[in-house]
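Feature list (source: TrEMBL):
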- Cys167, Cys170, Cys220, Cys223: Zn(2+) 1 binding site (BINDING)
- Cys184, Cys187, Cys206, Cys209: Zn(2+) 2 binding site (BINDING)
- 10-75: domain 'J' (DOMAIN)
- 154-232: domain 'CR-type' (DOMAIN)
- 167-174: repeat 'CXXCXGXG motif' (REPEAT)
- 184-191: repeat 'CXXCXGXG motif' (REPEAT)
- 206-213: repeat 'CXXCXGXG motif' (REPEAT)
- 220-227: repeat 'CXXCXGXG motif' (REPEAT)
- 154-232: zinc finger (ZN_FING)
Amino acid sequence: MSARDWIDKDFYRELGVSSDASADEVKKAYRKLARELHPDANPGDAKAEARFKSVSEAYGVLSDTAKRKQYDEARRLFAGGGGFPGGFGQGGGFDVGDLFSRQQQAGGMGGLGDLLGGLFNRRAGGTASSATRPRRGEDVETDVRIDFTEAVQGATVPMRLSSPATCSTCAGSGARPGTSPRTCPNCAGAGLVTRNQGAFAFSEPCADCRGTGRIVDDPCPDCGGDGVSTKTRTLTIRIPAGVDDGQRIRLAGQGEPGRNNGPNGDLFVRVHVNPDPLFGRSGNNLTVTVPVTFPELALGTTLTVPTLDGKVTLKVPAGTASGRVLRAKGKGIARRDGQVGDLLITLQVAVPNNMDAAAREALEAYASKTAQHDPRADLNALVEKRST
Ligand SMILES: [Zn+2]
Ligand SMILES: [Zn+2]
């Protein structure tokens, strides 16, 4: 609702009370009307609903002492939308600034102060309006999906992007090529016109040029005079090595174009990384799980382990525990800033689910030979300790 609407409304009439009604009278009148007009009591009655809203709005202002005071003051000033009280303004000793400073002192009342702020914010002879002031373009966010290896090693990804951009046909002027916009004669290019009402001067966006200050007689066929058209751009995005899933990359100035020579917004590309069937990731480290047999761990072995760009040979010492993590230094993610992670290799015993008779026999022989060794001795000792 504009300030004008607000002031034009007669909240007293809405509630059917006089302008000097007491707070109690206001409340009584509201309760009675609210009961009568409540949507529950008038199902499907749009008129009653509208009245109910008006009455609620009126009560919202008149029941609040501070708001009611402001409303009364504004109504005195505007005197029913017509002329101003005689003598007021010229040497009347009242200044718009006065009204504002008082409202600011009252603090936090919002309401009229805010509404009038919008009405009074421009005085006669104002400078460029927000419509003609340079404005930064909006930021744009888009998504890109890349493979794990691309994320680790970095990649350049071509992207097609549909977004508003400065119209290339008219270079943003909005005028058909070969013509140019002319300065709006109504507002002399300011985008604002000043309306005098009594002692006050109000500025409002110029209706002739819709606040732009310029008139395009022959609009550009591609953008219809806006100077901005939706365009599909192909951008090549460099994704730095080591980018993580969900990370955003900022491309300065690649967002929406600014208006009135304002700077462009930025483009934010959110990177989604497809998981890799082989490698996982923990910060700058890569992880991989390598199945091994029990004899390999017990007797020791040499393993060939895949890395991102080849393989690495690792010695597994005899007596290595299952689940042990070995580290291949420098085989992780190499970031642009020089940080390099490692490849963390988890050894996991693979237990055969099907053995032939000979293998089974050999394993049973092994079991009986090692029956004295209790792998849970330490665990049991700890359990005992805990229970005592
Ligand atoms: Zn154009
Ligand atoms: Zn104009």
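Don't overthink the numbers, they just go from 1 along the chain as shown.
The backbone N, Cα and C atoms fix where each Cβ goes, and this holds for glycine too.
Where TrEMBL records a feature, it is marked here on the structure.
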residue: Cys167; record: Zn(2+) 1 binding site; CB count, 10 Å: 23
residue: Cys170; record: Zn(2+) 1 binding site; CB count, 10 Å: 26
residue: Cys184; record: Zn(2+) 2 binding site; CB count, 10 Å: 20
residue: Cys187; record: Zn(2+) 2 binding site; CB count, 10 Å: 25
residue: Cys206; record: Zn(2+) 2 binding site; CB count, 10 Å: 24
residue: Cys209; record: Zn(2+) 2 binding site; CB count, 10 Å: 25
residue: Cys220; record: Zn(2+) 1 binding site; CB count, 10 Å: 24
residue: Cys223; record: Zn(2+) 1 binding site; CB count, 10 Å: 23
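Within the set of binding-site residues Cys167, Cys170, Cys206, Cys220, Cys223, Cys206 have a CB atom less than 6 Å from some atom of ligand 2. Annotation note: Cys220 (Zn(2+) 1 binding site) sits in a coil segment as assigned by DSSP. With a cut-off of 8 Å between Cβ atoms, the residues of this chain six or more beyond the repeat 'CXXCXGXG motif' (220-227) that come close are 166-170, 172-177.
Residues of the repeat 'CXXCXGXG motif' (184-191) grouped by DSSP class, helix first, strand second and coil last, total 0 helix, 0 strand, 8 coil.
Distance from the CA of Cys187 (Zn(2+) 2 binding site) to the CA of Cys170 (Zn(2+) 1 binding site) is 24 Å.
Among the binding-site residues Cys184, Cys187, Cys206, Cys209, no residue has its Cβ under 6 Å from any atom of ligand 1. Checked against Cys184 (Zn(2+) 2 binding site), the binding-site residues Cys167, Cys220, Cys223 differ in C-alpha distance, with Cys220 being the nearest. Cα of Cys187 (Zn(2+) 2 binding site) to Cα of Cys220 (Zn(2+) 1 binding site): a span of 23 Å.
Shown for the repeat 'CXXCXGXG motif' (206-213): DSSP residue counts in helix, strand and coil, namely 0 helix, 0 strand, 8 coil. Cα to Cα, Cys223 (Zn(2+) 1 binding site) and Cys209 (Zn(2+) 2 binding site) are separated by 17 Å. Distance between Cα atoms for Cys206 (Zn(2+) 2 binding site) and Cys167 (Zn(2+) 1 binding site): 24 Å, as a whole number. Here the domain 'J' (10-75) returns a mean pLDDT of 81 for the predicted model.
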